[in-house]
């Protein structure tokens, strides 16, 4: 039996999230259908992170077990031939049977792309969040940075956890929250050991509320300490959220995430993505 690790990109706008559902319009269902057409047998996939409806991926990782023997690029080329245009394998790499896409990951990284002009941008519809502000109005990004600083470290993130979250513990370690401005665009990077269900979108809701002046920066620390989701801001839209990278122990040397064809190209030059 051979275990294969696979990296993939997808535009999540048209899908009901990652995880298989009876109606089958999920990334996992389309992917496993394509793998079956290529391999001639149904193969189960294990994913690093289950993304929600409308959330995208530039660095998703899965693994599968198969008795087939194929060159790595044959998996990429062959499976891609049966996938819809909004899903694409980027690489495939043999790994030992101790590798696990979910449980061996020690760090995950999400980006959020937010447009803050006076109107929406149709060309990035479904691929970026938006906040329509009157001409001359801007988010207070420095206040948002101050609010984000309290999130770094090991914390109980219950205030940013969805009610239906099934994680055993709300305690996670946030390594970094970085904000970068480019005109009307605001890009955010979140790096953590793992994330709770809706955690990044709930963090975005809180940070945007601070940026709009609805709460002072210190409110974010108070909310974190409260461990009460009911006191938080509304969950922000999924459109601008991307799973960008998943890190594994060095011996596996899996390819870095490729952001060169995305909204984020060159925005964060120090995170190992290319």
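Backbone N, Cα and C define each Cβ position, glycine as well.
Curation does not apply to TrEMBL; its annotations are automatic.
Among the features that TrEMBL reports, domain 'Pseudouridine synthase I TruA alpha/beta' is placed at 9-103, 147-249. Marked as active site, nucleophile by TrEMBL: 52. If you look up TrEMBL, you'll see 110 marked as substrate binding site.
If you measure from the Cα atom of residue 52 (active site, nucleophile) to that of residue 110 (substrate binding site), you get 13 Å. In the three-state DSSP classification, the residue listed as 'substrate binding site' falls within a strand.
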